[in-house]
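Working notes, structure below.
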Amino acid sequence: MEVSGTIDSRASGGRNTFDTRVLHMSQTAGVWELKLDIRHDLNLENSKQTNEFLNEIQSMRLTANYIDPFGERASTELLLLSHFSPNNHNIKVHTSTTDAKVGEYITLHVQSNFYIKDFDYLVMSKGIILVTGHENMKGGIKTMAITLSAEMAPAATIVVWHIGRYGKLLTDSLTFPVNGISRNNFTVFINNRKARTGEKVEVAIYGEPGSYVGLSAIDNAFYTMQAGNELTYANVITKMLSFDEHTNGTFKKTWMSHDGDPDELVYYPASTFGIDANRTFDYAGLIVFTDGVIPMRPSICDQALNYSECLNGRCYRTDKRCDGYMDCEDGTDEAGCSVRNETLLAEFRKFRFNRILRHYQNVWLWKDVNIGPHGRYIFNLDVPQVPALWTVSAFGISGVRGYGMLRKPLEYVGIQPFFINVEMPTACHQGEQVGIRVAVFNYQTVDIEATVVLHSSPDYQFVHVEEDGIVRSYNPRTSFGEHQFYIYLNAQDSTNVYLPIVPTRLGEIEVTIHASTLLGAHQISRKITVEADGLPQYRHQSILLDLRNRAYLVQFMHVNVTETPIIPYEIDRYYVFGSNRARISVVGDVVGAIFPTMPINTTSLLELPMDAAEQNMFSFAANFYTIKYMRASTLRNKKTEKQAFHFMNTLYQRQLSYLMEDGGFSLFRADWNQSAPSVWLTAYCAQVFGEMAGLYEYENFIFIDPYMIQKNMHWLLRHQKEDGSFWEETWLPDRKANHSGYFSRNDIVREKNITLTAHVLITLTTVNLPAGVSVSHKRTYFGVCGGGFCNLIKCILLPNTETCGTGSIIAAASVTIFAA
């Protein structure tokens, strides 16, 4: 690397230029170090004119140029400005310690360009003053040592100041890094020679007795994502540096790897960023109370007018800071700004492997231990079956030596020399033939012979495959007992063994497969649930137990289940043999279990699917009424309510997908055939949503649009016939329901429309819209209709009308009771 530079001085010397110097890389990769001696590099004589030239230096600019072996070039500049001080009196603090660690000493040097008798200093970190002192200055430079404590990590700032004869204050500061995670040194070893079979490894941890050590091993593919789920040295130091003031700081550089390796971080001491004594104290986070004079460079920038000052004295608009353009010649407005979007970088690292898929465990060696009194902890660990490259990281905490971690993670290739993998379904029906695939792996360097054994069990039979792979599907040749298969495996190879079986009973059965060779053996058991043919039929019997005064003994519960499935003189059966099962639950509440599943829906309550609007609305109502019951009783639980409202918002959004533009809800979505809106469903949705909207304490958890309910009510009123009844527009999937949509609008279908009309009537009487939202069609529509149903609904919605008599009110009450 080539470095050149210029110096500007107010003295008669003017501008001077450094000779170009060629630097070699330091011990740290990617870092070049340069030390300048202006008097020596400019060949200045020790004279009065030289001293005047050095005292009048305004700035120094360094330029670095780098050319890589491929001819690519890179260059950068560094601008240094002189510290403002009247009469050119300055005090300087610097360090000669290159690697400061907790528990050791740091050597500091305080120097001045004029005679001072003494000076004061303090050391602070993370906004806390840790050390203060007063030193006498016997010569032009004072060397002192300060013990580094754990509180100074990861960076500390020393501020030195001198009060002159006339109360003038001179100061300087230095921020230096402190390595606080280097004392707790521990080592981790992985010994894979302990078990000859290769199924286990020995993990040994050596460190300070009593230390806590946390271990983590993940697949190398996930570790190279560097998505923040693993602790690295750079991440820990960067996070700890954020605890301190951001104005001053150390010079640091972070290298990011394209290969997925952890970030590399180096940091060096840095002098104050303040241009004068006042800003030196300010940038260090200190407030000074004194009657002395604190030098401050005159400024023409008015902060009240949104102007800030550049280091060279010029001004720039404060809102132009960190906008990507240098408004200051010295780059003050862009100093300390983030050069990259950390949020986008984190998102990129999380999803850099877009289609990565793992069929095996991606976390291994997740364990925390305490090192024993002898300074070691040793344990054995099972090796995962599937070969993988594991990256092991660890950190430790000690009460004496503090925090420590592995600077570089360990890599371990976990391979078992011989193992099997069994793949089979988890459920099947009675009489089905199940194929089991056994994959046998040989990761040794020699060929082996192995035996695969299907264990004997009365729960299943082995299906024989005849010559040329022929199997009679409906009547295969089967047999009980143990079945063995002899195979030959090449080195670093695998093969598949297929074992067809047929279960002999219902319920859960266990299948055991064993494979053995001279090196070792491996056995795996899998469970499969055998279900009966046909559709399940559910019977429910409930009983109320009164335990207020005494215990209650129930000897028998009568359930309507036929004892035997046999129908005399018939081929048919009541139910499949062995398919009957019973389940008993005891709930300490009168309405049953509160949220047996989260959320409750038609599948968990009625064993029905959730593919249509009616089932979705039922699920919403079931959760809502359960929450309402908990609210009215002493069973209210905020955590349960929060979970329920989360799912209710999802159900509400799904229900809106069935809403038509005219205000009706269809049983199926609009892109499905014959998905016309339903009067029955719309009335049900309006009733539940209206009741939900009336509970204002829940509007911050779920908001029901009142104008949607208004549209539902308008749409319902448009489906009333002249006699007052309501008619259905769409077809109903339930064949037991009445298809009143087959009849024209003017047909009299009294008996067949009673339930639908009563259902809509209950909705019209129970829905109360919020203030400012009304259904104007109510009075207008019923004012022009006639008939018994019309008078009936009119008397309930508009009880003050003249046509309402005693008989109408009694009839309305009877219809309401019948509908309920």
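Placement of Cβ uses the backbone N, Cα and C atoms for every residue, glycine included.
Any TrEMBL annotation is an automated prediction that lacks curation.
The disulfide bond feature in TrEMBL is assigned to CYS310-CYS328, CYS322-CYS337. As annotated by TrEMBL, domain 'Alpha-2-macroglobulin bait region' applies to 91-225. As annotated by TrEMBL, domain 'Alpha-2-macroglobulin' applies to 363-454.
In the three-state DSSP reading, CYS328 (disulfide bond) counts as coil. Geometry remark: CYS328 (disulfide bond) versus CYS322 (disulfide bond), CA distance 11 Å. In this structure the alpha carbons, written CA, of CYS322 (disulfide bond) and CYS310 (disulfide bond) are 13 Å apart. With helix defined as DSSP H, G or I and strand as E or B, the domain 'Alpha-2-macroglobulin' (363-454) counts 0 helix, 60 strand, 32 coil. Across the fold, the C-alpha of CYS337 (disulfide bond) and the C-alpha of CYS310 (disulfide bond) stand 15 Å from each other. Sequence-distant contacts (6 or more apart, same chain, Cβ under 8 Å) of CYS310 (disulfide bond) comprise TYR316, CYS328, GLU329, ASP330, THR332, ASP333.
Averaged across the domain 'Alpha-2-macroglobulin' (363-454), pLDDT for the predicted model comes to 90.
Neighbour density for CYS322 (disulfide bond): within 10 A of its CB lie 12 other CB atoms from the protein chains shown. Residue with the densest Cβ environment among the disulfide-bonded residues CYS328, CYS337: CYS328, by other Cβ atoms within 10 Å. Under the three-state DSSP scheme, CYS322 (disulfide bond) falls in the coil class.
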